[in-house]
Amino acid sequence: MMRTHYCGALNRNNIGQDVTLSGWVHRRRDLGGLIFIDMRDRDGIVQVCFDPKYQDALTAAAGLRNEFCIQIKGEVIARPDNQINKNMATGEVEVLAKELRIYNASDVLPLDFNQNNTEEQRLKYRYLDLRRPEMAQRLKTRAKITSFVRRFMDDNGFLDIETPMLTKATPEGARDYLVPSRVHKGKFYALPQSPQLFKQLLMMSGFDRYYQIVKCFRDEDLRADRQPEFTQIDVETSFLTAPEVREIMERMVHGLWLDTIGVDLGKFPVMTWQEAMRRFGSDKPDLRNPLEMVDVADIVKDVEFKVFNEPANNPNGRVAVIRVPNGAEITRKQIDEYTQFVGIYGAKGLAWAKVNDINAGLEGVQSPIAKFLNEDVWKGLAERVNAQTGDILFFGADKWQTTTDAMGALRLKLGRDLGLTRLDEWQPLWVIDFPMFERDEEGNLAAMHHPFTSPKDFSPEQLEADPTSAVANAYDMVINGYEVGGGSVRIFDPKMQQTVFRILGIDEEQQREKFGFLLDALKFGTPPHAGLAFGLDRLTMLLTGTENIRDVIAFPKTTAAACLMTEAPSFANPQALEELAISVVKAE
């Protein structure tokens, strides 16, 4: 037998037992007549002692080096009281080695486990990076999450059904990864961006509770929390309303937090998209940050200051204030840095006002814009934002979107910089009632979620007549500023689906070509259905306390969508390309 126990599982209950351990040398210390090693496996680390009492094992241990793969047979003994290590889970015991077997020696590692290695090094030698205890713990947590989800889904009557990986390209927002067909030369499969249409078809097939933990693929520009291939917890239901779907999914996430880290998330508040954007400048607000945006256009619309009065009198403009309690200590240099920061989001500047004495009216205000205000305007502003002595007010004034984006980002930055964001808290919520459509860069209407989301209380005729007023029957789950899941009630009326396609500029010929199978299926007694998808990678990232999504994926890609370890992507064999009838054009 190669193993009877895991290293990290040993404790006082094992004292006196003979055990067989298999793992790696984490650290070695030679104290003359004795040799100690820390031995590591996926469960943790235990100290092993080599004593002259077992001379063969002691002699063999002299040749051990870090990362040798070994087997130890020995007895679990109590550490002397003065040698107990309270920083180790196994710190009350050690193993007295009786036999040592070296499975395999190790070259000097290209990574130093005791130093900060570059991410490039870590990804190139990922199989070594995963030996680090913190990385092993993250993947164990990920496995625990998926195990919990499967149990929950099974207990709640959901069926785990697989959907195809080789499918048809459909416009879902990002670019598809294409797979050429050898049999059908010149044609391509697409790797799925999500199982969206297949899970809707399963509802039409009568499987009223479906789930799947599934790989999805998107060929898009990457950020720190994005990967070209990622994993979704995909869910769809029939005959449930949006609140009922949210209730089930909230129970799942509530239970997941309790099971994984012992945290009770409490009841999730529900907030409309409009309120989230108005108060926090984001559709995924981080409620750990106490700062809020307050609209003041009605107060400043008549001031002799174009920066304020123009957007205040423009239906598409916005003037908003963030009050920072005790922020008057912020220096002019810091204010200049914040002004530069909001410029990234298109803001032309950042007005500010320090409240040196709230009881002194305008006389108590230090601000370059004070000369444009009068006592009534200042009184209105101070009352609206509840200004106090020692505060600073930051003003954003521009088009609605620019002000909202810039001030929303400033709110987050102020929260971090000033230590206002309560990092020890968990703040979940649901965001609902998103706009059905938004304008893209060319000014055309695009679906804010996807084109299969149902509008709320709109007929097809009303939707076609006034699409920009429509509210989507959609919902996102947000935790600490991260969107961890999103879903909607789906369109189940063929006329409504065709109307949405037309609004999005997809004519009847394109509808038949791209979605003919869906439009046909909608004709045959389609049930009302709704669903949701969680990002497993992002959930794991939150539950393990890392800010890098690559830390919770065993073999991730870089931000350039490359695998440094296997050197993928690579050039294809010319013979394989010939069989596929593909010629490669040299990139310019």
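Each residue, glycine too, has its Cβ placed from N, Cα and C.
Among the features that Swiss-Prot reports, L-aspartate binding site is placed at E172, R218, H449, R490. Under the heading ATP binding site, Swiss-Prot lists R218, D219, E220, Q227, E483, G535, L536, D537, R538, citing sequence analysis as support. Residues annotated as region 'Aspartate' in Swiss-Prot, with sequence analysis given as evidence: 196-199.
Positions of the features from Swiss-Prot, shown on the structure.
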| residue | record | Cβ neighbours (10 Å) |
| --- | --- | --- |
| R218 | L-aspartate binding site | 22 |
| E220 | ATP binding site | 13 |
| H449 | L-aspartate binding site | 20 |
| E483 | ATP binding site | 17 |
| R490 | L-aspartate binding site | 23 |
| L536 | ATP binding site | 23 |
| R538 | ATP binding site | 20 |
Exercise for the section: Between the Cα atoms of E220 (ATP binding site) and H449 (L-aspartate binding site), find the distance and write it as a whole number of Å. Expected result: 16
Handout entry: Span of the ATP site, taken as the largest CA to CA distance across R218, D219, E220, Q227, E483, G535, L536, D537, R538 (Å, rounded to a whole number)
Key = 20
Practice task
List only the single closest residue to E483 (ATP binding site), chosen from the binding-site residues R218, H449, R490 by CA-CA distance.
Solution key: H449
Exercise for the section: Pop the mean pLDDT for the region 'Aspartate' (196-199) in here, whole number is fine. Expected result: 96
Handout entry: Helix, strand or coil at E220 (ATP binding site) [DSSP, three-state]
Key = coil
Exercise for the section: Going by DSSP, give the three-state secondary structure for H449 (L-aspartate binding site). Expected result: coil
Fill in the blank from the handout: argmin Cα dist to R538 (ATP binding site) over the binding-site residues R218, H449, R490 returns R218
